[in-house]
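Colleague: Take a look at this one; I'll ask things after.
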């Protein structure tokens, strides 16, 4: 051997702490928020993360001499203090691209977060952000269609799209489920939706639901003259079953299907995305289980990382929270990962939680979906925050209308069109929200009743996971 092999244990920072390293354009960069055990130096903690998420092990091994370890290792090249947090720090790590299989989000996450989170030297660890190099992005399939293709397919332009989740989300028979879909779509919504946990239960088998939903869509299209859709959830316990459900939706002439991408897994999601592009189907993505992973401010994976990974894995729509509704998410953070879903280039901006410049090249964008505890009074804020390339989904805010789901849908449609008209006329939606909505309600009894019904409903809880610059 040309090099001497010295058996034993040495500190991680001797190999993986490289403050003089300048990251390459082809490197995959990651920012971790680290909280080490008491007495362990920051450099050792950060280097341990770099080692355990790349080539390292706890002991020197002879087989290191069989490869160029210095080429393949992850390198911690910078450490920063976390604003307002004396215990934690940011570790910036560069990984050579050859560590990862081309186009495999599964492989990237297995490396970066697969084992290191159980490391004893750490009290907490959170993956805050990833900068994917263009060479990796070009190897990924991405959204099966993208924003423009979806608008063309649905023939809907110049405004956010409207949707709602069918309620109650569990317990309805297939026929009654289809009836609720029909009421919502004829009332003015663009989409209705299966909830994340409706698959194929004893009270409603999936074939039965798909058939009645297809009938509801066709009837509502005939009545309204508009293209309609329903997110048919094809998530299943096996890939074979998932594709069987997707094929049946295609046979029924449905424009869009749905997948729970975290519980279903990135491998299944990427495969389904490829199938959708090949078969001309839109793909709606639900983020069920995300808060288990992303809500703790010191441990887990930030949702901006999951959003980036989803854009690479594939999906045309992704739930992002609402800012104003019942679910977690402050305004600036939400805007940050909405940018990651839709824009072709997102600059580093710590005020929005983006730690790196991210160039998406020509990869299509993803519709941001606002869903969870929203109603007509929220419409001006939602249009302001999310813009046109979004889907605004009102579940209880549709079905809870005193006159029923069709009236709730009509109220939402009138409120949306009033806000878009006011915005296009140069009015300030959030400052003039009450005037805009009450003016529209003079010509819509459905909206007037909705405004009265939900005038006192607010979700004013403090956000648990705040941007560190706010702390």
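Counting begins at 1 with the first residue displayed.
The backbone N, Cα and C atoms fix where each Cβ goes, glycine too.
Take a look at what Swiss-Prot says about it:
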- 115, 165, 169, 287, 319, 371: substrate binding site (BINDING)
- 167: active site, proton acceptor (ACT_SITE)
- 193, 195, 196: Mg(2+) binding site (BINDING)
- 193: N6-carboxylysine (MOD_RES)
- 286: active site, proton acceptor (ACT_SITE)
- 326: site 'Transition state stabilizer' (SITE)
Colleague: From the recorded positions 165, 286, 319, pick the residue whose C-alpha lies nearest to the C-alpha of residue 196 (Mg(2+) binding site).
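Modeller: For residue 196 (Mg(2+) binding site), the closest Cα among 165, 286, 319 is found at 286.
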Colleague: Using C-alpha atoms only, work out the spacing between residue 165 (substrate binding site) and residue 193 (Mg(2+) binding site) and round it to an integer in Å.
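Modeller: The Cα atom of residue 165 (substrate binding site) is 5 Å away from the Cα atom of residue 193 (Mg(2+) binding site).
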Colleague: For residue 319 (substrate binding site), which of the three DSSP-derived states applies: helix, strand, or coil?
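Modeller: The residue in question, residue 319 (substrate binding site), is strand (DSSP, three-state).
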Colleague: Using a 10 Å cut-off between Cα atoms, which of these binding-site residues sit near residue 195 (Mg(2+) binding site): 115, 287, 319, 371?
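Modeller: So far as Cα distances go, none of the binding-site residues lies within 10 Å of residue 195 (Mg(2+) binding site).
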Colleague: Please report the Cα separation of residue 287 (substrate binding site) and residue 193 (Mg(2+) binding site) in Å, rounded to an integer.
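Modeller: Each residue's Cα considered, residue 287 (substrate binding site) and residue 193 (Mg(2+) binding site) end up 14 Å apart.
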Colleague: Quick one: which residues besides 193, 195, 196 have a Cβ within 8 Å of the Mg(2+) site's Cβ centroid, in sequence order?
Modeller: 165, 166, 169, 194, 197, 198, 231, 233, 258, 286
Colleague: I'd like the number of other C-beta atoms within 10 A of the C-beta of residue 169 (substrate binding site), please.
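Modeller: So the Cβ neighbour count for residue 169 (substrate binding site) comes to 15.
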Colleague: When you measure from the Cβ of residue 193 (Mg(2+) binding site), which residues in the chain that are at least 6 apart have a Cβ under 8 Å away?
Modeller: 163, 164, 165, 166, 230, 231, 258, 284, 393
Colleague: Return the single residue from the binding-site residues list (115, 165, 371) that has the minimum number of other CB atoms within 10 Å.
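Modeller: Among the binding-site residues 115, 165, 371, the lowest count of other Cβ atoms within 10 Å belongs to 115.
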Colleague: Taking 167, 287 as the recorded positions to compare, which has the smallest set of other Cβ atoms within 10 Å?
Modeller: 167
Colleague: Round to a whole number and give the Cα-to-Cα distance in Å for the pair residue 167 (active site, proton acceptor) and residue 371 (substrate binding site).
Modeller: 13
